[in-house]
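**Q** Quick one: structure below, then a few questions.
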Amino acid sequence: MAKDVETVPGEGFQTRDYQDPPPAPFFDGAELKKWSFYRAVIAEFVATLLFLYITVLTVIGYKIQSDVKAGGVDCGGVGILGIAWAFGGMIFILVYCTAGISGGHINPAVTFGLFLARKVSLPRAVLYIIAQCLGAICGVGFVKAFQSSYYTRYGGGANSLADGYSTGTGLAAEIIGTFVLVYTVFSATDPKRSARDSHVPVLAPLPIGFAVFMVHLATIPITGTGINPARSFGAAVIYNKSKPWDDHWIFWVGPFIGAAIAAFYHQFVLRASGSKSLGSFRSAANV
């Protein structure tokens, strides 16, 4: 582990000592015996359930209010801006609530990126992704149960490629959007930033929520904004129509590629710590 004393350029004072945390082991059998591990998995399940319930309900509510044929008002409801706020706001709330328990991933792409950066072990990553997908299914299932008369009529909040856009455009939107999100996650949770900016209070969930908000503003017209495979999977399972399933691969491949690029960029370019992680991995393998 490398220990540094961070200084603020031009300010002439030192911040607190900084120490690189050790890379997570590829497989940690010991954590499977700890209650804290399963508590974290449960937290991911519940957080993703709440995320999908509130956000998909917002999407359907907007479509009800703006459907002129059903008595709604043209440009009524919260609009795209309100939908983006719902997604970004819920991520802010849920990351804040669960960060100290599970890390507040709530997204398989985030979990995948952190796994590639050796922030979480393989068993934790796999169980997190399973819990997130199951939570998403349950969350959208609650929406359908409470809004059964509107759910299917207004698309079920399912992601699909909008008319007029090519598959390549949709895939690129998901890759770039997820890169923005995962890059923000790495930056907001970087322990070196916490040491350097210790004199400036920064709430990590805030920039993460804003990243989700901004990406939704840009990509809702293209794909409905996935950047979260669990969100897309849960809606596709409950809605269960051909169009979302035909396009569904985009909402796994795109986010995972974007997350991998973000992990590589942050670890190997900005932090140049990938070589340290690789070296420690080789050392552990030789013990």
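In case you wondered, yes, glycine gets a Cβ from its N, Cα and C as well.
Just so you know, TrEMBL annotations never went through curation; they're auto-generated.
Not measured: the values here are computed from a predicted model.
Grabbed the feature section from TrEMBL, which reads as follows:
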type     : residues : note
TRANSMEM : 41-62    : transmembrane segment
TRANSMEM : 82-104   : transmembrane segment
TRANSMEM : 125-145  : transmembrane segment
TRANSMEM : 165-188  : transmembrane segment
TRANSMEM : 200-222  : transmembrane segment
TRANSMEM : 249-270  : transmembrane segment
**Q** Are there residues at least 6 beyond the ends of the transmembrane segment (249-270) whose Cβ is under 8 Å from a Cβ of it, and what are they?
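**A** Here the qualifying positions are 107-110, 112-114, 116-117, 159, 161, 167, 170-179, 181-183, 185-187, 190, 223, 226-229, 232-233, 277.
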**Q** So if I exclude everything within five residues of the ends of the transmembrane segment (200-222), which remaining residues of that chain have a CB under 8 angstroms from its CBs? That is, six or more out.
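**A** Residues packing against the transmembrane segment (200-222) from afar: 80-81, 83-85, 87-89, 91-93, 95-96, 99, 104, 161-162, 165, 169-170, 173-174, 177, 180-181, 184-185, 187-189, 193-194.
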**Q** Are there residues at least six beyond either end of the transmembrane segment (41-62) with Cβ under 8 Å to its Cβ atoms? List them, or say none.
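**A** Same-chain residues near the transmembrane segment (41-62) but 6 or more away: 77-79, 82-83, 86-87, 90-91, 94, 97-98, 101-102, 104-106, 127-128, 131-136, 138-140, 142-143, 146-147, 150-151, 154-157, 230-231, 234-235.
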